[in-house]
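Quick look at what TrEMBL annotates:
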type	residues	note
DOMAIN	10-432	domain 'Major facilitator superfamily (MFS) profile'
TRANSMEM	12-40	transmembrane segment
TRANSMEM	52-72	transmembrane segment
TRANSMEM	84-102	transmembrane segment
TRANSMEM	108-125	transmembrane segment
TRANSMEM	137-159	transmembrane segment
TRANSMEM	175-196	transmembrane segment
TRANSMEM	238-256	transmembrane segment
TRANSMEM	283-303	transmembrane segment
TRANSMEM	315-331	transmembrane segment
TRANSMEM	343-365	transmembrane segment
TRANSMEM	377-397	transmembrane segment
TRANSMEM	409-427	transmembrane segment
Amino acid sequence: MAYLGAKLRFVITAGVGFFADGYLNLTIGLVVPILGYLYFQDGKVSTVDSDIMKGGLSLGMVVGQLLFGVLSDVWGRHTIYGKELLLTIFGTLMVVLLPWNRMSAQSVTAWIAVFRVMTGVGTGAEKSPFGSRAIQVLTVFSNIGLGNTAASVVFLILLKAFEGSIANNLSHLEWVWRLLLGIGIVPAAFTLYARLTITETLPYKQYVYDDTSGKKRTFKKQWEDFCEYFSHWKHAKVLFATAGSWFLFDIAYYGINLNQSIILARIGYANGATTWQTLYNTAVGNIIIQAAGYLPGFYVGIFLPDCIGRVRQQFWTCIVVCILYVIWAGISTQNAHPPTAGLMVIFALSQFFLTVGPNCTTFLIPAEVFPTRVRGTAHGISAAAGKCGAIITAFAFGTVEDTIGLEGVLGLFSGIMLLTALVTLLIPETKNQSLEGIENGELYRASSCSPRLCCDKATIS
């Protein structure tokens, strides 16, 4: 019972962090249109300003993933656990505290971008793996979906609550976006103490300390282990594949999800006669897509890895999304007024398969496929590569979409998902592999790595 209680505490504590990540990460897509009405000429944020505000979090996440990934291998996962949440809370709080009606549009962009970078460093650290095996890892990870959906629901509630006042005075939208972000801090703050006091697991304690002397590992020792392990092509190839597939996937994933409000407007769902009606329709459209596709994808994705395998799950869902984007682009190109309902169905289906496959597996595979000594660093590199893809799409989506239209962007994303599927084939399957087997290098038929790196018997935790 004590063991189950500790596991439950861990899942809840870690899960709330991912909930906050999901809530705060993609919420910027809802906030930016409001900032346009409040601070920008003609009520619209320019493409450049929008890209800067949306891309700030991803920039910070790259730093957080690399920094905390390495630190987790050197000092232990739970030694650093909780510190990153302080950055998330402070960065978000500073965004919420943007001075009221006293800043130019350019100053608003700079303020939000700077503190979104800080928030990103904190949320990026959530990507370092703390659990083991598919169901536990993905159960914790699925809270990102809950957080994102909760943000859309809170947005809808706030719009309804301020409906009358917004109609009389548009400046009351200030309360909507500030409360929307501020509410996201609450669950994270509640778990701060639990995170700071959580204990290190026994298997990681064995790796935090030197095998013979009992001394703490150093950065030099971690670097030597990392270089020794990845000096072999069969290991470096896997890191290339996990990082490459995550990089490619995040180009499409963040391109769609950071700009969901724009996409809903393009397919005809988020239009309205008034500012409030436009924002309200956007909120409803977001909830429909998340409830019908995005969120269910997480819960199907939790159980698929042990049924069909991680590699198959990622490969075939990427192929399906590739096909759906082609169909979506084709319908939009051939029809001057494509059916909104039909496009919403395709949108929801693409989000379902995007989530059930690579959104789950790009996180899961690096948490399993590497031995404990280098796992935090390798997972951090893979996740940071993903956020580099997110940065590219955050800064480029608006300009590219203005140039070639949504149909052209979908065509590009279709090709990117095909490349993601092909890169996935370089990854060894971890299904049915024991934890000890993964530690011992049994994923590879002939292992030439050092006994010290490949012969440890500890399990992944």
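Each Cβ is built from the backbone N, Cα and C atoms, and glycine gets one as well.
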Intrachain neighbours beyond the transmembrane segment (137-159), with Cβ under 8 angstroms and 6 or more residues off its ends: 11, 14-27, 30, 129-131, 166, 175-176, 179-180, 183-184, 257, 276, 279-280, 283-284, 286-287, 290-291, 294-295, 297-299, 301-302, 305, 355, 360, 363-364, 367-368
Intrachain residues whose Cβ lies under 8 Å of the transmembrane segment (377-397), provided they are six or more past its termini: 51-52, 54-55, 58-59, 61-62, 65-70, 72-73, 124, 127-129, 222, 226, 230, 239, 242-244, 246-255, 258-259, 362-363, 366-367, 370, 409
Same-chain residues near the transmembrane segment (283-303), Cβ under 8 Å, at least 6 residues beyond its ends: 30, 134-135, 138-139, 141-142, 144-146, 148-149, 152-153, 155-156, 159, 260-261, 264, 269-270, 313, 344, 347-357, 359-361
Intrachain residues whose Cβ lies under 8 Å of the transmembrane segment (238-256), provided they are six or more past its termini: 58, 230, 263, 314, 318, 321, 350-351, 354, 358-359, 362, 365-366, 369-370, 378, 381-390, 392-394, 397, 409, 413, 416-417, 419-420, 423-424, 426-428
Overall pLDDT for the domain 'Major facilitator superfamily (MFS) profile' (10-432), taken as the rounded mean: 86
Whether the transmembrane segment (175-196) meets the transmembrane segment (409-427): three or more C-beta pairs under 8 angstroms: no
Distal contacts, the transmembrane segment (84-102) - CB-CB under 8 A, six or more residues away: 17, 20, 24, 60, 64, 68, 108, 111-112, 115-126, 171, 174, 178, 181-182, 184-185, 188-189, 191-192, 195
Highest-contact recorded stretch vs the transmembrane segment (409-427), from 52-72, 108-125, 315-331, 343-365, CB pairs under 8 Å: 315-331
